[in-house]
Each structure stands twice: as C-alpha cells, then as structure tokens.
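Engineer: Annotated transmembrane segment per TrEMBL: 29-50, 71-90, 121-143, 155-176, 215-234, in sequence order.
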Amino acid sequence: MIGFGANLVHVMHGTGGVIEEKAPAITNLLAALFFPIPLLMILVTGQELITANLMTLPMAAINGRIKAWEVPVNWLIVFFGNLTGVLVYAELLAQCSELYTGEALLAFTVKLAMKKCNLPWGVVVLRGIGCNFLVCMGVWLAVTSREMGSKIIAMYLPAGLFVFLGMEHVAANMYFVPVRPSNQRATFSDIQMGMMNGADITVGQYIGRSIIPSFIGNMIGGGLLGIPMVFIYHPPMLPSFLTRNKSESSLSTLNEAPTRSRSRIAEAYPMEDIRTDESMANKV
C-alpha cells in the first residue's frame, strides 16, 4: 500500500509545473496531505509495514511477549514482503497505466532517484531517524486513540510532517528509486530490480546508498521512541528479556506473596501462644 502514497508524491511534484519551480513548499504540502492515506489504510486494516514493526517488535521483546530471535525474523519477512509489493505495484503501473508517460513526470522521477542515491550516507541515516520517529509517533498516537476520527487525525499529522520535511522512509524509497516509465520494453534488470529510466543508478547503489542507510535510520528512529516508552510506562522484569515467561514470573511472585506473609506471621506469633490465648478465652 505504501506505493500508492509514493505514487501520489511523484504526481504532485512531477506535474507541479511552475508551482514546483517557484514555490516547492506548496507541492511539498500537497504531497504531505496525500501520502499518509496509505499509512492510514495499513493501520486500520491491520497490515504489516516494516517501519512500524521497527518500533513494536523490540518493545514486545523487551516485555517478554516474544523471543529476541523473532524480532529480526519478522523484520526480514515484512521487509521483503513490502519490497515485493512495491516492485509489483511499480511494474503494474508501467505495464497497465499511462501515468508515467509525461516528460515532466519522468524527469522528476529521474531527478528524485538520483538525489536519493547520491546523498551522503550519514545524511540518509539521520533523515531516516527523523522519519521513523515521526511515523512511529503517529502509530503510537493512533493506537492509543479510541474513535476512528481520532486515529486518523493522530496518524495524519506526524506522517504528513515527515513528508513535508523530506525525511527518508525505507518503504517509500523502495518505490521512488526503481520505478520505470510506462510503455517501455522491460529488460532483465527492469524486471529484476526496476531500474530507473535515464538515471545512472546501479542495483548496488540502490541497495547500498538508499535502502540500507534509510533502513538503519528508520530502525534507530523507531527504537528511540519505542524503547523509552517501554521503560516509562511498563518497566520489564530483566530476567524475562529473552523469554516469554514474564507473565508467569509475575504470577508466581504474586502467588508467593501470601506464603511469605503467613510465614512472617507464624514467626511473630507461634501457634503455642495462639492456642493458649484461645483456651483462656474459652475459660472466660
């Protein structure tokens, strides 16, 4: 679903014309208004998005709800699931749609792909941190909201903000870089990785200079929000970090509490004294 939002960003900027040249902030604002729509669909329908899982899975592991090894396994599955969905959507647009035929739109897609693959590694990582911190903040606010309208507003504002600020979202980059023009004969490289039309970008650059640094930044950004939230609102029991037994250990602690209390009472008041007091009361 994230491909729909990235597609809208292409259209907003690529067909902005004079507005894009003279006042790019306006097209940025329009893109920020529409990009969160797929995120809302993902959240409401319960789909999987890698950026949200970069926050929620470590939280679950720290609380002992899942095992530590399940975190990277889930990330790998969701990452390649998102990548497959985005590339299939891009290929369907190229084969079945005439959207990517205008010169201005094609020029913008090439310009954006070149820009994303030529940024310094550290810049992409920092932008990825800011991006996923805002995305996960939107997820957090939406999950804690009750009414559907509240969820929409809570998700919309942080997600729109990261788009307006030009942050790096790894799932969106899966679409921005590889999309190719409509009605162009696909080569093996196009089918394999969806290389950009006219952009001097190799598969290695696509992975090494866009996907990997944005993923690392998104992972750090999700952790910066999610992990402190765990320790602030629900501090875990440290021995349960690598197991599922947090609830069991908590229950055992609660069950042992009455036993400890009874033993302390027995030490303070031996049974002989209690029986003596009872016999004296019967005599009275």
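Cβ atoms here come from the backbone N, Cα and C positions, even for glycine.
Quick one: how deep are these features, and who are their neighbours?
Structural biologist: Remote same-chain partners of the transmembrane segment (29-50), defined as residues 6 or more beyond its termini with a Cβ less than 8 Å from a stretch Cβ, comprise 1-6, 8-9, 12-13, 75, 78-79, 81-82, 135, 138-139, 142, 148, 151-152, 155-156, 159-161, 163-164, 170-172, 215, 218.
Long-range neighbours of the transmembrane segment (121-143) within the same chain, counting only residues 6 or more positions beyond its ends whose Cβ lies under 8 Å from a Cβ of the stretch, are 36, 39, 43, 51-52, 54-56, 151-152, 154-159, 161-162, 165-170, 209-210, 213-222, 224-226, 229.
Residues 2-3, 5-7, 9-10, 28-29, 31-33, 35-36, 39-40, 43, 49-51, 82-83, 86-87, 89-90, 109, 112-113, 116, 124, 127-128, 130-132, 134-135, 137-139, 141-142, 210-211, 213-215, 217-218 of the same chain lie 6 or more positions beyond the ends of the transmembrane segment (155-176) yet place their CB under 8 Å from a CB of it.
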